[in-house]
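As recorded in TrEMBL:
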DOMAIN    289-501  domain 'Aminoglycoside phosphotransferase'
DOMAIN    671-790  domain 'Acyl-CoA dehydrogenase/oxidase N-terminal'
DOMAIN    794-895  domain 'Acyl-CoA oxidase/dehydrogenase middle'
DOMAIN    907-1055  domain 'Acyl-CoA dehydrogenase/oxidase C-terminal'
C-alpha cells in the first residue's frame, strides 16, 4: 500500500532528464542515481508543501490520537485503506468539501476505532498553529536559491477549508509558480507549462530542476518522466543534499548577495591576513564571503568575520580599458565626503597591492538598510514615495553643493567643458568595445558635439546617480549611503540630474533599470520629471535649464556606451554580473531612445527661431493629437515612448472620443475584447437567454463559467478597477476611467458580457469599496476571491418601507454587542443575493440614529451564510427574474457579525456610499451606450430586410426619423459619458460631480428611447426573448431608479449650477 505524501518521512526527489526513451531510462535506473551530483545546471527548485516547507504532519496525527483517546494508527489506517478513491485522497484532490470530507473520513475512522472519532478537530489541528508556519531553515534556503537566480515553485495539496479557501499558508512572493493541482498519480508540474519551464523545452528543463518532495508513491511516475530519486530523513538533511546538488550553501542569506561566481572568485587566505591587520582579528576566524548581485561594473563582496561586516570592492579581472574601474578614486572621494557629512559608507582601507587578491581593492563598512530597485516603489503609500524622492533629490543637491577645496579634492578632476570631455570619453569607450554598427550611436557621435551647452557650472558629480545606488534608512525616508562612485569627477551637475531621471522614460520591464513611463505618477505620489527637476532647481537656487532634451540624449548615450562595454566584457568572461551578456545587447535600444531626445532638442531649437525671419506661416491646421507644445523644461511628453493610457499622462482638455485615439496597449485590449465578443459571446446569446428561462436558471450557467475561464486566460479580466483606486495595478488592468469607458461600452452590447469578464455589478462596486476602504484581512478574505471570480457579492441598502433614494432614510439597525454587531433589517432589490456563489453582502444600516444626519450610517461586511439571513423572494423586473443572481427581498433578523467586519468604522457609511457612487456607478452609463448602440444596429438590420406597404421599412419616413434621432442622441450621450470619465481622471470624482449626475440622468433616458424605437421597428418580435431588446429596455428603465431617480439627479445638477 502507498502512503500519501503528508505522512511520509521527508525525502528528496532529484530531477534529472536523460535524453533516452522512457523504457531505456527505467532499465538504466540503478546506474544513473548519482551521476549528476555536484553539477550546477539547475534552473529551478520545486518544493512540496506538507512535510517540507511546513512541519511534518505525522507527529500531529499521533499527538491528536493520544489526546482524543483514539487508537494509535487509526488515522494512518484510514488513509491507506480504500485505495486512490478513499475519502482522504478524494479530499486531497479537491473532490470533497471540508464538510463532506469530515463526514466520510469520520465514518471510516469510526469503523476502524470501533467508536465515534471527532475528525473535525484533527482537520483543525492539521491546518492551524505551527502547522501553518514555514520552517525557518526553508525560508532561508528559498532566499539563497532565489539569490542565485534560480526560480522556485511550490506544489501544495488541493484540499479546501470550511471557508472555501485552498490551504496554502505560505508567502506566495517566495515562488515563481504556485500550484495546488494534483493529477492521477498525485503530482503536478506547473513549470512545464509556465514561463519558468516552456513546454517546448520540457526535456532540457527537467534536468535543470530539483524537487524537494514527500510523495512516496511517485516513484514510478518520476521514473517514467525521466527523473532520478534520492531519499533522506529530515529537513536539515534534505537541505544538505540539496546543497550538494546545487553547489552552493542554503543558509546565511544576505539581501542582495549570492555565492561568488566562478569567474569572480578571490583567494581567501591572503585576504584573511589583510583583514586581520585592518580589523585587528585573528586569521583563524571563520570568513563568510558572498558576492553582491547588484551592479555590472566593479565586483563587490560581502564579508563577515570576527564579528565584523565589511564590503570589499575591487577591479574586475583581466585587461581593462585605461582609467576604467579606478577603485582608488572611489576610495578617495568616499573618504573625503564622509568627513563633511555627505551620506557615504565609511571606508576602512585601500589596498593597491595586486598580489593579495589579484587587483586593487578597498574596504568599507557594511551599511544595512533599504535599496529600492523598482523606481515605482511598490509596497509604499503615496506620501512615503514622495518622501523617498524628496530625500534622493536633497542628497543630490548636497553632493553638488560640496566645496571642492574644503574636502581636499582640488585635483580630483578637470574644470570646465565636462560634457564635451564626457562625449569624447564615452565615444572612445564605445568605439573600443564596438562589436557591430549601431546606427543611432553613429548619429549621436556626430550630433552631440554640435549641440554642447554654452554655459556649464562645475561641481562634484556622481556620474551614476540613481535610486538603486542609494541605501535608505530602514524606517524613515533618509539616505544613509550613496554607493558606486566609480564614475565620479568634476562636471556639469545637470548631467547628474538628467541621469537621475532616466527611469521616468524607461518602460517598467526594462531589464537593467526598471522604468515608470507607463505609471500614473500622480496617483503613486512620485514627482514627475518636471516636478523633480523643479525641486532640484529650488534646492540649488538655479533657474530652469532650457536644453533639457540635450542632457537626456547625452545621458542615454552614456548608458548605451556602458551597456556596450558590459556586453563586450561578457564575451570574454569579465563582466561581474551573471546576466551581463543579455543586458549588454540592449545598447541599441537605448541608443535609439537617446536619438529620440536629440530629435526633440532639434525641434526645440527650431521653434525658438522667430517665425517672421523664416517666412513661415504662424497658423496651424493640426488636430488635437498634434497641438502639444514641447515645454522648455524636462517634459514627460518628450519621449517617443510616451503612453497616454493613464490620467497623469493626459494633457488637460484632451478627450479621446474614439477607440482609435487610445494608446497602443489599450487599443490592443479593445480589439481583443471585440474579437472575443464576436467569436464567443454573440453566437451564444440565444443559448444564454434560453438557459435563463430553464428550470436550472438559479444554478450558474456552465457555459458562462467556461467563457469566464477563457476570458481570464486571454487577459480580459477585472478591467474595471480605475487606476486612481489601484495605482500599483495590484488588482486591475491599470486603465483610466476614460479608457475603460470605451471597453465598457463594448461589453454593454451584450447583457451577458460583463459577468464573463468579471466586470459586472454589484461586484464591481463592492470590489472598489474593498480596495479603497477594506483592511488587509478583509481584502484577503473577500477581495481576492471576488477578483478571482470564485465568489459573487451583493449590496443591501434599499428598503421597502422608506424612500431609499434618500440614503439618510435607511432604518436598518446595527447594534453593538460586545465584540460583535447585531443586524436587523428588511431589505429588497438586493441584486445578486440569490446566486449560490454569493458569499458576501455589503450591508448598510445605522449604528447611531442620534448622530448628525450623515454620520448615522455604517457599512458592514456580512457573510451570506450567517444565521438570521432569510431570502423572502426574488423580485422581477418587467417579468425578468435575472437569474441566477436575481434581485432579492431579504430579512436580517439578529444577524451577528464580528466588529472587525465594519468598513472604515462607525458612522462612515454615507462617506463610503458616496465613494461607491463614482466609477462603479458610471459604469452603468458606459454600458447603456452599448445597449443603445447594439439596439440601433439591430434596428437598422431589421428595417433593411422587412417590407411593409410596398416598400422597405428603411424607406419609411417615420423609421428614417427614428434612426436619425437615435444616432444623434447616442452620439450626444456618449460624449457626455466620455467627458465625465475624463474629468474623473483629470480633476477627480468630486470635481466631476455635475457631469456624473448629468450622465446618470441622460444615459438611461437616451437608451430607453433608442431601445423603444428599435422594439417598435421589430414589432412583436422585439418583445420576446429571441432578441436582447426586451431585456435591454428593462435594464435601461430600471436604471432610471437604481442609480438614483431622475428627479434627484436633476435637483443635484440644478443646485450645483446655481452655485457656479
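A Cβ is built for glycine as well, from the same backbone N, Cα and C atoms used for every other residue.
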Top partner of the domain 'Aminoglycoside phosphotransferase' (289-501) among 671-790, 794-895, 907-1055 - counted as Cβ pairs under 8 Å: 671-790
Within the domain 'Acyl-CoA dehydrogenase/oxidase C-terminal' (907-1055), residues counted as helix, strand or coil by DSSP: 123 helix, 4 strand, 22 coil
Whole-number mean of pLDDT values that fall within the domain 'Acyl-CoA dehydrogenase/oxidase C-terminal' (907-1055): 90
Residue counts (helix, strand, coil, in that order) that DSSP gives for the domain 'Acyl-CoA oxidase/dehydrogenase middle' (794-895): 6 helix, 53 strand, 43 coil
Residue distribution over DSSP helix, strand and coil in the domain 'Acyl-CoA dehydrogenase/oxidase N-terminal' (671-790): 73 helix, 2 strand, 45 coil
